[in-house]
4 protein chains.
Amino acid sequence: MTQAAASVTLAPGIKVSPDFVTEHIEMYKAFHRDPELSSHEHRTAAAIEARLDELGIEHFHSGGTGVVGLLRNGEGPVIAPRADTDGLPIAEETGLDYASTTTGTLPDGSTAPTMHGCGHDTHITNALAVAAYLTANREAWSGTVVFLFQPAEETAAGAKAMVDDGLWDRAPRPEVVLAQHVMPQPSGTFTLRPGHMASLADSWRITVRGRQAHGSQPEKSIDPIVAASAIVLRLQTIVSRELPPTTAAVVTVGTFHAGLKENIIPETAELSLNIRTPDEETRTKVLEAVRRIVNAEAAASGIGEPDIVEISRFPRLFNDAEHTERVAAAFREAFGEESIINAPLGMGSEDAGWLGDAIGAPVVFWAFGGFLAAEFEDGKAPAGNHHPAFAPDPEAALVHGTAAALSAVLSYVGR
Amino acid sequence: MTQAAASVTLAPGIKVSPDFVTEHIEMYKAFHRDPELSSHEHRTAAAIEARLDELGIEHFHSGGTGVVGLLRNGEGPVIAPRADTDGLPIAEETGLDYASTTTGTLPDGSTAPTMHGCGHDTHITNALAVAAYLTANREAWSGTVVFLFQPAEETAAGAKAMVDDGLWDRAPRPEVVLAQHVMPQPSGTFTLRPGHMASLADSWRITVRGRQAHGSQPEKSIDPIVAASAIVLRLQTIVSRELPPTTAAVVTVGTFHAGLKENIIPETAELSLNIRTPDEETRTKVLEAVRRIVNAEAAASGIGEPDIVEISRFPRLFNDAEHTERVAAAFREAFGEESIINAPLGMGSEDAGWLGDAIGAPVVFWAFGGFLAAEFEDGKAPAGNHHPAFAPDPEAALVHGTAAALSAVLSYVGR
Amino acid sequence: MTQAAASVTLAPGIKVSPDFVTEHIEMYKAFHRDPELSSHEHRTAAAIEARLDELGIEHFHSGGTGVVGLLRNGEGPVIAPRADTDGLPIAEETGLDYASTTTGTLPDGSTAPTMHGCGHDTHITNALAVAAYLTANREAWSGTVVFLFQPAEETAAGAKAMVDDGLWDRAPRPEVVLAQHVMPQPSGTFTLRPGHMASLADSWRITVRGRQAHGSQPEKSIDPIVAASAIVLRLQTIVSRELPPTTAAVVTVGTFHAGLKENIIPETAELSLNIRTPDEETRTKVLEAVRRIVNAEAAASGIGEPDIVEISRFPRLFNDAEHTERVAAAFREAFGEESIINAPLGMGSEDAGWLGDAIGAPVVFWAFGGFLAAEFEDGKAPAGNHHPAFAPDPEAALVHGTAAALSAVLSYVGR
Amino acid sequence: MTQAAASVTLAPGIKVSPDFVTEHIEMYKAFHRDPELSSHEHRTAAAIEARLDELGIEHFHSGGTGVVGLLRNGEGPVIAPRADTDGLPIAEETGLDYASTTTGTLPDGSTAPTMHGCGHDTHITNALAVAAYLTANREAWSGTVVFLFQPAEETAAGAKAMVDDGLWDRAPRPEVVLAQHVMPQPSGTFTLRPGHMASLADSWRITVRGRQAHGSQPEKSIDPIVAASAIVLRLQTIVSRELPPTTAAVVTVGTFHAGLKENIIPETAELSLNIRTPDEETRTKVLEAVRRIVNAEAAASGIGEPDIVEISRFPRLFNDAEHTERVAAAFREAFGEESIINAPLGMGSEDAGWLGDAIGAPVVFWAFGGFLAAEFEDGKAPAGNHHPAFAPDPEAALVHGTAAALSAVLSYVGR
């Protein structure tokens, strides 16, 4: 090993030892092996707490399986980097030697294989690496860093749970909330822009109540399958006819369940919907249209208003313009002018925004590439988030994710 | 010519001269050549009146182009045979030398070729033949026969118009109303049974009012074509899901008109419906369901209740059980035991019933075959009513239609 | 107890002791307490066999849990009365002291409460009572009676299973197959007529294969819920537009299952259909239309032909005209001229017909009332078949069901 | 009147006399009074030719009612400014004293009131004003300007007609084609950017052939209204499910016509569609999807592939990047940095692009504001293009439209 190998440059002015890299890659693999489902991140939280203890960072539980680490270092700004911690009910098909072999319990009590299929394990590791760097280099900065290890991002429950659990009564209120997400783009590139960074998303469960009868006696029934099918078809017209063609919205009916036996017209049909909209105004309009259509199609069948229950509600993820420019400037300095991609609005959703919006604090969220550039050559692309074969490159994701987070953090608290 | 040829036997006890047959066949062909549209039967009414004058039968106008002939012959029952008189906007394709070459004016002011495509010309001729027989054979009967030459059967307007015009204030109220219709069945056969003889029929015009916009801006529109299409599909569920499978009902959307240009989303869509039901209870249920669906599908589009205008309303055609048996007995005697066919309920409609129902008088309606038996051999069948090639056999229709009507009439007023 | 009480008259010439009635009512209640699901009638078959052993009637297994009893009594006709034996997966809500407390195992391995919710327990008891009477009164008849205790009527599997298992190779072929069913009509009334006595019924499972994608990326999916919903709505047009209004047919989509999570567009949607038609010609036409629509709506979504799997297929139940008149004559003599109701075609299904059709033997099937007349007063009606509260009157059902079966049997083999 | 009033500054370095302005406003009003429908611009062409004659500019007919003016002025670039000339079948409701009182003849032979409802009268006038300026100021420029007065923009027929008529064989091929359009934005603002400037648009007429029958006999029909309604609803799924949410596309069914009478199921239903897509790839995908759905829904009804006829096809309008920047630079200089609005892709369509695309010449197209800024205060907005009250301010539209065109022209041929 040469002397040059004695340090690795994460970004201009940010050097770490090769051991730092190796240690965090192993940490990442350990998290990857043991994913837990949303709101059940018990072992994950314990591992985070153990590491914070090692680093001498005080911490407390928040919102069930959330963990908040408080790293104080004299006077200066308070900032809050956030890492989400939950895995997904996906059977991993990466073939990696550190692939998950864990199962988790779903809300209905059944079990399912779990996977860190959205890369939250990289987020955890990056945040812990930032914490390690900051504790080891206290001379390089001053201020307070509030590490937010947030559970249940996938269900939009975690940020709200932490806020509702008094997060900002127990931790100092930050000048800015910073959050990042690994994406299938080359390492060293970042997607970042002011304004909406993700779709608002609402999930609803709709129960259409008809009247049961034998399959041979439709006249004694009110057929909920016909009513719900009419709802499905009519919902298509919201996107096709009620919104401007340039408005990016989706109304997906993800589940349709009705009936036990082919010769019995059932009593009810249950739909679940996922509705994505680019802004609050469109959200309000689309949700009203969904409700209007659901009620009207039920009325066409001669039945009352179906039950509508909210399953989840992803708030906006809105990047503050001024702070986004500040972070972008840090990235341009650290990774070059070409490192920032102004990608169009994706249709994904994120609840990180609520951690700031709840107290009026600005938010900056960016995506970082966690894959080798070679994976994108010749029009190829690696498997994306939520795919069973989603597999960031450990070193690429660790080095660039940590470097990005550190650059952003130090743009506030650095000396 | 032999002595036998000196008379033709219409039915037992009813003989007429060959000239009688020839004369009425020519009369039939004359009516066939010159059909007029519903409520416009002016030349037809004039011809009927001229013939009644020849026969010395008093008459008066009723319900616009209706004609009522009063033939009194001493004491006895009052009965009212009815013949409908209107033609159809069909371009005749029979190839007959007495085919129609007439055109008529439609409600919208346009003109159309006309045809006696439902055989009302046979009904007129049969009634006039009955009148001729009765005036020539006064010794054979006593009582009063009220001949009802009713216009506008095809639009369900004629019977109502005559009743509303004071028909039964001017003519003596009958013991029974008798009506018949030529059908594509072998001459000498009759369809007759107690109870409902035809469907109730309602026709509605529905105007769905959306909001016009350029075709590139659906968000500024409320698309009435989408709403009306949803109405069309949802209406199917009335017959398929809301009625017992054994209930014979039809909901037809016969017209759908919307839009002037492909790149303009129009303001309105107009549907017209034809709704056939077997009885008043089903009628009420189906009309309510149509209204419910139309309003709900409009609501699904966010628009108010569409305009619904009644185009026509065919009342029930309900054969009184006792009187039907009386007429059937006459037919069995005249045409044999096998002459009566107990056919299932047809989906056709007829407004003859109202001529009796309006005053609580019983009604008997039957179909008679006006075609040669040979036309039905080997699974063949002649063109049916309303078809451009509909062509009863003149002699078959005249002889058997007149004989049936006379048999029925004489079963009341015969000595 | 008076001498008169020493015997009960089931029908003219058919007297039994009060103990006969009491014993069979208890037998009925025992069957009622212990229903078993289709093709699982093991305890039921054992009880039937034990009783046949008591009566000295030879028997053999047939079609799994079917039992065939052979009662020979000299020369004479061979006839085959049939009783079906299976219960239903319904949680009984009759409140009777002999209500079912049994559970059974469904095809998918789950368990469900079971109930004799279609009255097959009365059919078993009646057949065993007929057997008891015939063994006790051998002087009253001569011939051979083949008792068919058929399993799995509810799934249309039992008659076919017995025939496929060589039923008519092992038992003598009968002159007629007789079958009866208890119905919610007053005891002493019978529904019986020549021709079709039930609907043909076909059940299909249809799997629509789309393409899975995240709920935010419809463009990467082929949405099977939209395709299946379009199938459901288009299937309505078969009954509403493709069949004559007077044709009694039903196309029911009884189940619709698709999707696991609201934000994932699923890979497949599964429908199950129940299709009822009055005759083979309509059956063929409707099944072709279902297949055409399913394939076309899949094509509209850009996917291949969905998988269609037959779940069950109820054959025709067609009463032979001559034999029906023979049984009807027996009923008129035994129960009076007014006892026979010529009800319209019901939409129910029955596989009894196949026991005769498979070998070209005529079939006579009738419904008998198993309820007290008082239950129908003032427009009331007792709970119908398949309802959790379905509860025939034990004495009414036993006496009249046995008397009817005996009258019919003796009309063939009585001396 | 002061000396200053002796000239009006159109743009830096472009001064004209007040009479120039007055004369062209009067010219504009004359064109406005007398609009002609697409491909019928006979009087308009004659007026243009008369004016070109006055200016001494040679010209020739092209593509029917198109006029090409050739203004040569020594060596230099050849450029081709284009103005479209047709009006619309709209009844003007502006209340202006120069409002149209003209009618025109539609393709079906009927007449309709006509209006310059899309502002092409401003385009004509601006082009003639440019011609007047260039002829009066020959010292200010050198090169060749090919004025393209193109008919039938509204039907996408005009550009193609001129090209097919040998336009570029008779006129010198230009370095760039320049085209502009008046829009409801404040005068002095311009919408301009590289890439697609308008939607591709395809209009199709679709005839669904069913089978006619009487409204009471759906079983004898194949109902084209049901089939076409199913097509309408299924077409919604192209935008809602087959395209990325961020893709701006529209599938509008603008007309639906079927049936003559409510009680006749018609033989055919005719739809017309307008399909807008942002690029060729999406265009191909959407048109294939439309065809697939139309054919499949017909198949679901058991009928063959409907006839599909192209009504019109708007090509792309694609701004060349380099030339767009050149024009934009001219506008920034003339009207200020803030004058250029980078508006999102509109869903409108334009056939100007073909004039360049047909010969591989670059195209620059921009929109210019023709309304007073005061009309946009307090959230108000004037009536838009194609609205009966569309009314640009004559002076604002003349001055700024002419100035913009001149700035662009002179950026190529100016000395």
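Glycine too: its Cβ is placed from the backbone N, Cα and C atoms.
In TrEMBL, annotation is done automatically, which means it is predicted and not curated.
In TrEMBL, the Mn(2+) site is described by C:C118, C:H120, C:E154, C:H181, and among C:H323, C:H386, C:H387 the residue recorded at this site is C:H386. Residues belonging to the domain 'Peptidase M20 dimerisation' (C:203-299) score a mean pLDDT of 96 in the model.
In the three-state DSSP reading, C:E154 (Mn(2+) binding site) counts as coil. Secondary structure at C:H181 (Mn(2+) binding site), as computed by DSSP, is strand. Contact annotation for chain A: of the listed binding-site residues (C:C118, C:E154, C:H386), C:H386 place their CB atoms under 8 A from a CB atom of that chain. Summarised by DSSP class, the composition of the domain 'Peptidase M20 dimerisation' (C:203-299) is 42 helix, 32 strand, 23 coil.
Each of the binding-site residues C:C118, C:H120, C:E154, C:H181, C:H386 was scored by the number of other CB atoms within 10 A of its CB, and the lowest score belongs to C:H386. Listed in sequence order, the residues C:D84, C:D86, C:L88, C:H116, C:G117, C:G119, C:E153, C:N385 complete the 8 Å Cβ shell around the Mn(2+) site centroid, once C:C118, C:H120, C:E154, C:H181, C:H386 themselves are left out.
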